[in-house]
Amino acid sequence: MTSWNHTVVTYFEFLPFSSIPEIQGSLFCLVLLMYLSTLVGNILIIMITMTDAALQSPMYFFLKNLSFLEIGYTTSTIPKMLVNFLTKRKGISFLGCATQMYAFSLLGITECCLLAAMAYDRYVAICHPLRYTTVMSWNMCFLLSAISWLTGVLVALEQTTFIFTLPYCGPNRINHFFCDLLPLLKLACVDTYKNEIITYIIAVLCVMVPFLLIVVSYVRILHTILKMPSAGGKRKTFSTCSSHLFVVTLFYGSGIVTYLRPKAFYSSSSNKLLSLSYTLMSPMMNPLIYSLRNKEVKQALKRLI
């Protein structure tokens, strides 16, 4: 009996992001600019939340963690994409592909859980303001953060092991710009129907469960806001969670469409654009959203500058 664990492929090649060679240079400049903007914006958020005395609260503790995640999240995929824009051989080793997928999955799943923790923080602050300091103690903040990271580490390890113990014996061309689940499953030398079902189950558990917790939190928040007597109070209260709501919409909107849409609507070109949206657009926009819509962050930035 022949063992199934006989990986022949030792190198994966990425197909070009665009089929038009003339625009590769323009794409490189655009992606590089967006990546640098992401790094600068999120590093600034980390700096002001660590150094400014006015931002030493649970809300900004989670924001600091989110910015750190965003830096790692984009760095796990975009630098390799930039290199591939400039080289003829656009590829990655088998081990490098597994490492990239593990890092990307770890940070992505952790971010899903952290966004849910941030929604819970806003729920307690708005719906139970008198109990906020008791419920959202620093121990609770560290616990929620640790649970988010631990979930990411364990699920990403299981998922990466699950994908990279499949036999890959050719072809080795990935129609994507990084090592992602669905494009890799297409290259396996065995029927991956069961693997795809398990992948969808993991996606539902790790993506939809935190998303549902966020939805429940905001339903309760909206119910509390609507009961407030003054319009000014409603606007002021909603402004404290509107930035987080925008971030959730950006991140989950593209992520859910990418991983949970029916297979009949799947196409490689649309998948690349959607993936670029949540791997680069969302991390780049987050600092802008928090700085433009948050008076405390704007004041802290002014003090830092």
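Backbone N, Cα and C define each Cβ position, glycine as well.
Feature list (source: TrEMBL):
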type	residues	note
DOMAIN	41-290	domain 'G-protein coupled receptors family 1 profile'
TRANSMEM	25-49	transmembrane segment
TRANSMEM	61-82	transmembrane segment
TRANSMEM	102-120	transmembrane segment
TRANSMEM	132-157	transmembrane segment
TRANSMEM	197-222	transmembrane segment
TRANSMEM	243-261	transmembrane segment
TRANSMEM	273-292	transmembrane segment
**OP:** For the transmembrane segment (132-157), find every same-chain residue at least 6 residues outside the stretch whose CB is under 8 Å from a CB in it, and list them.
**Re:** 58, 61-62, 65, 102-103, 105-110, 113-114, 117, 120-121, 124-125, 202, 206
Original post:
For the domain 'G-protein coupled receptors family 1 profile' (41-290), what's the model's average pLDDT?
Top reply: 84
